[in-house]
Amino acid sequence: MASPRHILLINGPNLNLLGTREPQIYGSTTLHDIEQAAQTQASSLGLRLSTFQSNHEGAIIDRIHQAAGFSPSLSPSGAAAATTTEAGAGPGTGVDKLSAIIINPGAYTHTSVGIRDALLGTGIPFVEVHVSNVHAREAFRHHSYLSDKAAAVICGLGPFGYSAALEFAGRHMKL
């Protein structure tokens with residue numbers, strides 16, 4: 001039996017504060033709740049899902065590289081710079097080839113050429129997700145460095161956006 005397709009869900013800066021940070025914009029659902037619902041949905045779709053959250057751009061880039069089978073960079077102390085919640089894989093374990101990435105880059109959406117280049121450099125298809133409607137917010141949030149290269153962009157659906165992204169990745173992307 002073939003192993004299930006593997007999808008990585010990446011959440012960027014401040015998304016660990018979901019549920020308490022500006023609930024009038026982001027709602028009351030926590031990142032843990034979103035990840036648990038995504039795990040349940042992935043299982044029902046026959047997918048393997050790994051989750052990762054970091055407030056640090058370099059750690060996100062390292063995790064994207066790792067997703068394509070490249071070893072993560074090491075900090076000056078020699079420790080791996082990125083962490084992951086999946087069992088049996090993680091920094092320093094070598095190849096971790098994925099079928100797709102679902103990414104909510106948070107504020108890095110509007111600033112990170114590095115994350116864009118990492119996604120493009122790995123060639124792994126990705127879906128960009130935002131809890132809020134970034135186009136209905138401040139002008140500086142209207143530009144995304146990722147959207148023009150994403151297989152799909154989902155914004156303004158609240159936590160359901162993650163479910164829609166997972167459904168799209170699992171059923172409609174050529175993985």
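Glycine is no exception: its Cβ is also placed from the backbone N, Cα and C atoms.
Listed in Swiss-Prot for this protein:
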- R21: site 'Transition state stabilizer' (SITE)
- Y26: active site, proton acceptor (ACT_SITE)
- N104, H110, D117, V131, S132, R141: substrate binding site (BINDING)
- H130: active site, proton donor (ACT_SITE)
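Overlay of Swiss-Prot feature records on the structure.
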residue: R21; record: site 'Transition state stabilizer'; contacts (Cβ under 8 Å, 6+ apart): N14
residue: Y26; record: active site, proton acceptor; contacts (Cβ under 8 Å, 6+ apart): L18, G19, V131, S132, G158
residue: N104; record: substrate binding site; contacts (Cβ under 8 Å, 6+ apart): I10, N11, G12, L15, E128, V129, H130, V131, Y162
residue: D117; record: substrate binding site; contacts (Cβ under 8 Å, 6+ apart): none
residue: R141; record: substrate binding site; contacts (Cβ under 8 Å, 6+ apart): T109, H110, V134, H135
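Whole-number maximum of the Cα to Cα distances across the substrate-binding residues N104, H110, D117, V131, S132, R141: 24 angstrom.
Of the recorded positions H110, H130, H130 has the largest number of other Cβ atoms within 10 Å of its own Cβ. In the three-state DSSP reading, H110 (substrate binding site) counts as helix.
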